[in-house]
């Protein structure tokens, strides 16, 4: 049975052998088979093949591959392609074997080492100039088949072919808006050329509407749903190392025009006709406007009536109107590709419109002399009736009343020479037009003019020269021109030119930006050399240029620094504490020097404000204190040198505290106070000292001297036994300094001295080991009550006295002898 059927089919004969040949099977189909044994009793059970059997021819090696071709050759590689064999030998191809033979050798050598199923291979690493031939074989499960026919001998060298370009489009292409268009062609070249599409010299990129497709041999640019902006010159460039080819196509995307540009102007309106005008469409749709279609409509009706459909002018007479009715006009533009949307006018009533003429535009004044001027104007709209006269008026600028310049009619000319002006006066002029209806409004006044003879251009400036320069600027100076051409010099134009260039550049754009006879030309390049010239300008125009004689090289002019000291930079500067210290100096030098302020060789205090301008420098310290005094130095330095000046600053203040306060010679009613002058006198001579005392039990200090110029004082009138503190302060013309105070209280008592010697010492009794002594009181007790007597003894001939004891009375028994 067939593998996809269920029904079994008997084979047409009965066999007695143990094998059979089954005929009539279909190649490519799969079958199952079963066999049963039979005897005279009957048929036994069937035995079935376990797997389906596919009917096919016996397997052999594959045929030879077909169409072996060389696709590309370079100096060191060959690329080959081939097709599979017509018959694969009954089994799938498992790999291909590519072989090559160097011409002149006998043997073929295998090129591919790995298992290869692709039918394209590039043989690399060949030697330039060598010649090879190639063949390929196919392998299947049985083995390797016959090789293909050999290629022609191939020599390794770069294939070069200049690009070729074969286009399917013409030089011009017209496309309707919304349609798609494509530009196609074929190309070739070796190496493979690069394909570039441009529109109006701008490279095209793919987007939603722009599609670019390039194969190795064909090229295509497609534009979907074209718009008017797609109009342009398209170019395709095919380029490789040997050259390039270009193809062009002018694509015109056309459409019906846009509407005519409004508003519709009613140039003339009468009771039975109108003349209207309009402007052409902004976009003619890429094709010339062939026609305008004009229609009219009575606003009381809904019907549009044709006026004309055969005019290319942008003006049209609309006839056959009913007086007093209001009309609208609509206008279509037409080209080869259709009719635009309409332009619709405002409503306009059909009636005669006669009125006085419009005001002329502002008149122009020409040919001014000291007593006359020519007034020129344009003809205004005549109001529907012809102009019969012009009225010209004048007035002095500062006056208010206008005066007619002549009673005679002025017509048909539109200019008039006004006589009888007063030299030096400033005048304005205006013009009115007149028709049979009346006189129209006057024009705007002319620009004011002075009645004086015309001026000429001035002569050139005199002696221009470069007076200074920096690394990016040059200062020029000159004298005014000898002749100003009867007109005030408005200013000067300065021009410069890099040496070697032909073009002169303007340093200033307008003459009034340089009214003086000097100018700094900036923005120049350091190290370059420039020429300069100057022109004078008056109302008549520019003079001939005056040239600076020699070219100027732009670089810094070196001038050593210079210091011009202000009064506050005298050798010594005194400033009162709390006031502001100001030090300043004028600084010169080219380039402008670097400015450094120092105090005692160190940075100045952060509280100091330092200002540096282009002409000088200033140092300012507000609320000075004594510590701000010292030696200040100002240093200016540039590449040409340096300069330093110094000034001693004394901040005048109250003195410091006196030093080394000492109390001596204390008595019961007085003591002697001494001190040394303060270390710091505050910058001013100490005028006096203030001495005060205080009982330690009191809170109040009492002055005992406030005008002492000496550095000592006898404090009198103390109370015996009381403890006192003393303090001293110094004063100068700026005030009293801080006090210095005694560290410990001083007690007011007389000083103590040792008592005098006891008198009349003698013995009254002697024993072998003791002596009884008596004596009298000494003459003086030393200022205090005697508290006892010290008894000493000395062995005869010895040096030392031996203390015995201190006794309170006037007698003593010395024992232990």
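The chain as shown is numbered from 1 upward.
Cβ coordinates are placed from backbone N, Cα and C, and glycine is handled just like the others.
Sequence annotations record features per position, and here TrEMBL assigns domain 'Fibronectin type-III' to 1-58 (among others).
Marked as domain 'Fibronectin type-III' by TrEMBL: 64-159 (among others).
Under the heading domain 'Ig-like', TrEMBL lists 163-252 (among others).
Residues annotated as domain 'Fibronectin type-III' in TrEMBL: 259-353 (among others). Mean pLDDT for the domain 'Fibronectin type-III' (259-353) in this predicted model: 92.
Among the features that TrEMBL reports, domain 'Fibronectin type-III' is placed at 359-454 (among others).
Positions annotated as domain 'Fibronectin type-III' by TrEMBL: 460-557 (among others).
If you look up TrEMBL, you'll see 561-646 (among others) marked as domain 'Ig-like'. Sorting the domain 'Ig-like' (561-646) by DSSP state (H, G, I as helix; E, B as strand; all else coil) yields 6 helix, 53 strand, 27 coil.
The domain 'Fibronectin type-III' annotation in TrEMBL covers 657-751 (among others). Taking DSSP states H, G and I as helix and E and B as strand, the domain 'Fibronectin type-III' (657-751) has 0 helix, 47 strand, 48 coil.
Residues annotated as domain 'Fibronectin type-III' in TrEMBL: 757-817 (among others).
Beyond the ends of the region 'Disordered' (455-480), by six or more residues, the same chain brings 486-487, 489, 492, 494, 496, 517-526, 530, 532-549, 552, 554-557, 590-591 to within a C-beta distance below 8 angstroms of the stretch. Summarising the annotation, TrEMBL assigns region 'Disordered' to 455-480.
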**Prompt:** Under the DSSP assignment, what numbers of helix, strand and coil residues are found in the region 'Disordered' (455-480)?
**Reply:** 0 helix, 14 strand, 12 coil
**Three-state composition of the domain 'Fibronectin type-III' (757-817), taking helix and strand from DSSP** = 0 helix, 29 strand, 32 coil
**Prompt:** What counts of helix, strand and coil residues does DSSP assign across the domain 'Fibronectin type-III' (64-159)?
**Reply:** 0 helix, 46 strand, 50 coil
